[in-house]
Amino acid sequence: MSRLRLWLLAVGGAGLAALLAAACLELPGFGGSRHPYGDRAVHASLSRHTANTIASVNFDQRAYDTLGEMSILFAAVLGCVVLLREARDEHRARPEPTDVARPVRRYALLVLPVALVTGLYVIAHGQLSPGGGFQGGVVAATALHLLYLGADYHALERVRPLGVYETTDALAVSSYLALGAAGVLAGTAFLANTLLPYGTFNTLSSGGAVPLLNAAVGMEVASAVVVLLAHFLDQAVEIEEEPGRGTP
Amino acid sequence: MAVNGWILAATIELGGGGAAALWGVATGPPARRVIAQNMTTSAVCPALLLLAQGYGRPSYVDLALLLALLGPVGTLVFARLLGDDLAGQQPSAWALTWTAAGLGAAVVLALCVAGSPGRATVKLLVIGALLISGNLVASRALAGGFRGVRGG
Amino acid sequence: MSDALTVVVLLLVAGSATATVAQRDPARQALVLSFLGVLLAALFTVFQAPDVGLSQLAVGSVLTPLLIMLSVRKVRRRARSEEGTE
Amino acid sequence: MHVLPYLVGAYLFLTGCYGLATSRNLIHAVGCLAVCQSATYVLLLAVGYRDGATAPVFSDLKPGSRPVVDPVVQALTLTDIVVGATVTALLLALVLQIAKRHGTVDPDELRELRG
Amino acid sequence: MHHLIPLLVAVPLFGAALLVATGRHLPRIAAEITGFVFSGGTAALALVLLLNSSPPMTEWAGGWLPVAGESVGIVVVGDGPALGMAALASLLTLAALAYSWRYFDEPPRDRTGSFTALMLVFQGAMCGFAVAGDLFNAFVFFELMSVVAYALTGYRIDEAKAVQGALAFGIVNSLGAYAMLTGIALLYARTGELAMAKIGHGLDVAAGQDGPDALVLASFVLVLTGLLVKAAAVPFHFWLPDAHAVAPTPVCMLLSGVMVELGAYGAWRVYGTVFAGPGGIPAADLTRALVALGILTAVTGAVMCWYQRHIKRLLACSTVAHTGLFLVGLGVLTPEGDAGIALYLLGHAGVKAALFACAGVLLDRFGSVDEHALHGRAQGQLRATAVMFAVGALGLAGLPPFGTALGKSLTEEAVGGPLTVVYVAASAITAGAVLRVTARVFLGLGPRPEDAEYETSGSGEEPETSGPLRRIPDTMTTVPAVLLAAALAVGVIPGFGALVARSVDEAGSGGVHAPAHWTLPGVLLGVASTVLAAALAGLAVTRLGWVAAPGWATPLRRLQSGHVGDYVAWLLVGATLLGALALPGILGS
């Protein structure tokens, strides 16, 4: 380790630590009661019949941020697809099948549907109880990979037509954008949640466009995570370099 | 919030179990670390249930549900992909595993008794079942659940 | 009572973050990182943020460790095949 | 007590930076970056906390019956977690390619770009 | 009209989603046409909005109009600088897409549109960042911009340098973004707001009579750290030469032409809206911090630029030098400085993108961007490229009537005094280095220099086309020509400068209009820089001792170690430095 780096680290770290510590002492005490934006957000959420205020902030009040967030996921998946593509000097090798102990296999195959249903439940109830498109999407996508853990990679590949997932990913982003643009076409504003009735408080269809945007995000996240993990699994399990052409 | 037995129990559970798991996961041979990782789920999941009860928010139970589902999956990931490091060690700690399972069962039962019977009870029982079976299966997987993993 | 809980969880988070950084081997780091992920989820519950806790659980307990372990496996497999050919 | 959560946040950030700067393995460095990011989660949520309040989720709570914490920071943190996961994935993809092209993941041995 | 501003983000994203959805079945040409349509459509939208941006527009995404001054929505600004940056980013994306038209590297199997899709997302992200009026929203688009940029930088996965540069870029920029988010959290804790204007107001109210405190300082430092990492100010700049030198050429055009400048723009926007009030950072402190860092950046960039032999790396270092100049100009906080920098930035974008495009031609023709290896090899061929390279160098030096010259002369007048020397020297040295390359590579002048010990060579690179080109396609020469013409037009079209100045000042200094026309001292200084650049280049070519690194520059070059741990340590030092520079005002109040 270079001496210079340690010195820089000591100086920079000490300076930043002092700065942060001084700032922390000036912060309003932990647990304070002044949250103007938060109070407004709760009020706005209730006025639009969305029981989960966080969902309302995410998919209604600050839905434009969520657009950026899902674009980040979309772009990162696209980036990983591009970065982890098969290079010119690589080929695919079929992995050897794995021998999985029977209790593990049974558990994986049993839990898979449970996890899938849980994922869908978490997405569907996003605007009511804790959860939402992102959390549920990740759970649903993870559930599929129980096939890899419980059986082997080949089994996973059979239920995973990547093209379909990539298309779903893109379509979900498009539908989010289309829902946003509908607001502009209707003359209100981008991503305005004024076109649909707000429904009855604390039911699945409440909140206007919130459930729709939530579902779009759920679809996007689930398919994006599947595609993402697929490329890492391909690298770890299947793709091999041509012998003798590695770098020095 | 007044003094609340549930939260006190959760604090003890998180403090004790968490500290032990942290110690286990950060030190020692790989075998011990994965066992400690597996124990994390068994320590934190009941604590989350206790917290949901202590805060009086049934909707927080979803957290415990997710952890009971995903925690063992995480351990399976390690069991599968750390195969090389664990080769020949066959980590197993059945006494610990059964203790953790018993703890989970005790918490779930206590919560079932405290609440009124209904959908919430069913959910609790499902979580308990997932937690205990996941814990046992993950332990089994660590003690040699995957063979011939070099290729796949 | 709530205060004690907050302090306990915060200290545990700080401790496991230290441990995460101190593990120089990525596979072992992934183990501690998954522990940190679960612990953060507990902290978020204590901070009354169940939505965030759920998402931290989903990401921290499976997704991130899986990604890291797959990368570790790839790198090791590469190193092995490199040794094999030389 | 009233500044401890903030200090823990600051500590996480600095620890992560330390690990990042002294790392001998790029996969480990990406893990340290994740620690840095967890500092932002802790800080944001600590800022939005309110004593004795509960989550502003009204599926099992009558609106107005109990004080609630700030939902905005929670939404921000959610976004932040997504960002963290995706950045981790993307950086790991780059690390994999470095392992292939350079034959090492030790930053001390990467000698291609300098001067 | 203002309802259309968020579409600047939505339209390119929609194009990208469409490309990904259909990418498996689309022939390459269809994918590229789709890219053009969406990118061009966004550019047209940005221009239309820009023409309607006086008086400045604001839009509330989601239609959450403020009630009694309070809103829960996200504000999007549509003033001259915001829409101008969006238009610049869009036009440059269009140019980069045209440059890569059909000849750029074969697309990955089954994924015809992925490069175009990434470029479209990049465009959307830059537009989103430019028009953001909400601090967290700015962070989101900042991060989106970064994520796409990492992927694009590492796009050529067969290149060892490309993936290493992309990772350094990724780690340093992500860390910067997290610092920025930490700053945002601190500001939220103090004011309880996220819209920039509301935060500024909240800081003023909270400070009352006491003035700013440590919290304000820390949040200022953290937010600026994020933005200055993107703007590549010293000592946050190390990632830039590593990343910009290895990214594919069309991406380099965007990274150096507009993304780095967006960092400087962000710093300007955040200071002006959030920290300029009595509860923020006093003007004198901001000036001290930005001018000091700016001078440091300009000097470091110029020195590093002079000693490069990797041509793309040389151009990347010149970008560092020029961002330093931008920071100095913005730091003096005068309407004249702002207007001058706006023009300088426009001219620089055209010139720098054109130079990168020409370097790309060299790479694709000869499979190398190494000044030493290419010595004399392009002699007698690639005449158009040679002319454009030289013209680009003159533009970089600030020869009137380039837009760079107009902007530089206005800024020099605004900063005044000894700082003028920095402007003349930095632009002359960077332009001199480019002229030196022109003389060596295209004219074969002088003897072939020897290799030094600690440097990155540009040899052994793969062309970005499917093989070395025998004939340079028309698109690859037309695009830099158009870009240079645009840079010229910025300075030549009568009234354009005044228009830009008015629109910038309307948004920034609130109606104080700076004059924007050529002045005699400005023209003379521009000519002087050009003459100096030519003299430096001449000396370098004829007297070899001048270009071999003298002892005093070696430590500086060793700092550029390619080690990501070093870069992170420097980032911490930079944050501390920024804090120290802005500290006196906090102590005094």
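Each residue, glycine too, has its Cβ placed from N, Cα and C.
Whatever TrEMBL says is automated annotation, not expert-curated.
Packing against the transmembrane segment (A:70-87) from elsewhere in the chain are residues 166, 169-170, 172-173, 176, 217, 220-221, 224, 227-228, 231-232, 234-235, 239: each is 6 or more residues past its ends and has a CB under 8 Å from a CB in it. If you look up TrEMBL, you'll see A:70-87 (among others) marked as transmembrane segment.
When the domain 'Na+/H+ antiporter MnhB subunit-related protein' (A:105-226) is classified with DSSP, helix, strand and coil residues number 84 helix, 0 strand, 38 coil. The feature domain 'Na+/H+ antiporter MnhB subunit-related protein' is assigned by TrEMBL to A:105-226.
Taken from TrEMBL, the feature transmembrane segment applies to A:107-126 (among others).
Feature annotation from TrEMBL assigns transmembrane segment to A:132-149 (among others).
Outside the transmembrane segment (A:170-192) by six or more residues, the chain places 63-64, 67, 70-71, 74, 209, 212-213, 216-217, 219-220, 223 with a CB less than 8 A from a CB of the stretch. The transmembrane segment feature in TrEMBL is assigned to A:170-192 (among others).
As annotated by TrEMBL, transmembrane segment applies to A:212-233 (among others).
Model confidence over the domain 'Na+/H+ antiporter MnhB subunit-related protein' (A:105-226) stands at 91, taken as the mean pLDDT rounded to a whole number.
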